[in-house]
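J.: The following block contains the structure, expressed as structure tokens.
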Amino acid sequence: MRGGCISQGKAAAGLLFCVMVFASAERPVFTNHFLVELHRGGEEKARQVAAEHGFGVRKLPFAEGLYHFYHNGLAKARRRRSLQHQQQLERDPRVKRALQQEGFNRKKRGYRDINEIDINVNDPLFTKQWYLINTGQADGTPGLDLNVAEAWELGYTGKGVTIGIMDDGIDYLHPDLASNYNAEASYDFSSNDPYPYPRYTDDWSNSHGTRCAGEVSAAANNNICGVGVAYGSKVAGIRMLDQPFMTDIIEASSISHMPQLIDIYSASWGPTDNGKTVDGPRELTLQAMADGVNKGRGGKGSIYVWASGDGGSYDDCNCDGYASSMWTISINSAINDGRTALYDESCSSTLASTFSNGRKRNPEAGVATTDLYGNCTLRHSGTSAAAPEAAGVFALALEANLGLTWRDMQHLTVLTSKRNQLHDEVHQWRRNGVGLEFNHLFGYGVLDAGAMVKMAKDWKTVPERFHCVGGSVQNPEKIPTTGKPVLTLTTDACEGKENFVRYLEHVQAVVTVNATRRGDLNINMTSPMGTKSILLSRRPRGDDAKVGFDKWPFMTTHTWGEDARGTWILELGFVGSAPQKGVLMEWTLMLHGTQSAPYIDQVVRDYQSKLAMSKKEELEEELDEAVQRSLKSILGKD
């Protein structure tokens, strides 16, 4: 695994974002997909070249001049590169470059077995959908739910919003999904056709996407199954799983599919959750995601929702480059009594949580939703179930305010998520330097649909985002068997420059470190305002790798709203019984946020809310800084 950089937009002022570019240590697998770039000419020329060489072709929407060639006469997965076909393309004078796509693994997450409210719904499973309205059913804790009832009573159901389910397909003929299915926004990238219907298997293993779709957009009051969180929204099927291996082209094409029609992309999959994998998006997918947040939805940005992972306490979602991306909203899960699910991974990049099952409790404590071939289920689970619930809540907020940007949605998530009655047996709830309460597993709490739509309705778009390299430590530092080296880095957060960052959103610690056993490594970072983020926890089960991390961007959301100026502290050490040793080669601090206070212009309706608290802090800070400027001016005149 190695790192790389990608530039993004004028706001970055030429800054390179450090991102993940991966090289697997495993023996490569080659697919029948090729990335082809032409010297000149458009789609017609590409179709001509492809036809002459026996390929099918698709234009890649996120890059000019790049095409996806696929050859149905080749095996979908083989150990040897097809030199004949690659050289055939490379020798064509119209072709600038041709690259056969390597295959890699992506796994569905959480695919495992396990009344009186003033809302009139006649769907038979509605009373079992405790995550929508929890009255204590299935031994749950009353009131511990997504508070969708308040949003629905305000008239918000997700109308005018389309959610794309990137998965193994959806049963769009299902009577509870058919009326809300958006065929125009759907596509099957596994079969290259516009019909993303799941491939049949005897064990129904390809029901994953259909279940996720039902959580979001199942129709209401049709006497079938249950209802979606945003039952007035449209759902699009993007079939891209269910093939021997994933490729960068298929992932990138899925993430960038119809970005002016699809508002929210929901992903309940990622690298293998085995406690030893460090993996994430490749070059094209990173480019597609950057393109999505910059250009999607007419420039407001595509909203990417990601399941944080199902590796449990033996894994860390900061080793997943999708869940830990700044461009995604990473969602964890709680069970219906507020405890953590046994499969929950914890990490500092998780923004919030929703609900799923995950302990051997009441058989009706799973997630009720649609299933294949017109059926219903009570057994959907994992963070796979959590991400679509979040996508549904975000659809309600978008209906309330279609002008919300991808960053607005993250700010709303931080400000309206609630601790409620969530309980993490391992990590305490803490407050960051500006008073925002967070947890290492649950993020800023469980989503509250009612609170989010009410705040979204009056929301003013947050100020422009800037990016600052806060500094870098380049001197190698040995990590002994015992004890933790402490490194410090003092930064002015680019103050006085056009890319000054005053109010933090995301912070990345880009780290290069060698270790005799990567899984025993623990990394913490403390901000100038005293907030400690656990960037990497021990992964005891399987991570025996000696390769360490190479320019890996560990991300934290825990310092949201803080002032980045001052001294940052990085601690590294080994946790475990066997003695280990390592060397920190590099630590670079990347700061992302705004120069002006993001909440100054927001309307406060609840004076006990996090928004009211944050706005008060901002006003006091602005006043203090104004006084300081005045004093300097007066003293300067004297």
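Glycine too: its Cβ is placed from the backbone N, Cα and C atoms.
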J.: Need the cross-check against Swiss-Prot: the disulphide partner of Cys347, picked from Cys317, Cys376, Cys468.
T.: Cys317
J.: Per Swiss-Prot, which of Cys18, Cys319, Cys376 is disulfide-bonded to Cys225?
T.: Cys376
J.: Using a 10 Å cut-off, grab the number of neighbouring Cβ atoms around the Cβ of His208 (active site, charge relay system), all chains included.
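T.: A count of 28.
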J.: List the helix, strand and coil residue totals of the domain 'P/Homo B' (461-597) as derived from DSSP.
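T.: Result for the domain 'P/Homo B' (461-597), in helix, strand, coil order: 3 helix, 72 strand, 62 coil.
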J.: State which of the following recorded positions has the fewest other Cβ atoms within 10 Å around its Cβ: Asn375, Ser384, Asn514, Asn524.
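T.: Minimum Cβ neighbour count within 10 Å, taken over the recorded positions Asn375, Ser384, Asn514, Asn524, occurs at Asn375.
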J.: Please tell me which one of the recorded positions listed here (Asp167, Asn514, Asn524) sits closest to Cys317 (disulfide bond), measuring Cα to Cα?
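T.: Comparing Cα positions, the candidate nearest Cys317 (disulfide bond) turns out to be Asn524.
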J.: Could you check which of these recorded positions, Asn375, Ser384, Asn524, sit within 10 Å of His208 (active site, charge relay system), going Cα to Cα?
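T.: Cα filter at 10 Å returns Ser384.
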J.: If you average per-residue pLDDT over the domain 'P/Homo B' (461-597), what number do you get?
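T.: Across the domain 'P/Homo B' (461-597), the average pLDDT comes out at 95.
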J.: How far is it from Cys494 (disulfide bond) to Asn524 (N-linked glycosylation site), counting Cα to Cα, in Å?
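T.: Pair distance, Cα basis, whole Å: 23 Å.
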J.: Rounded to a whole angstrom, what is the C-alpha distance between Asp167 (active site, charge relay system) and Cys225 (disulfide bond)?
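T.: Asp167 (active site, charge relay system) and Cys225 (disulfide bond) have their Cα atoms 21 Å apart.
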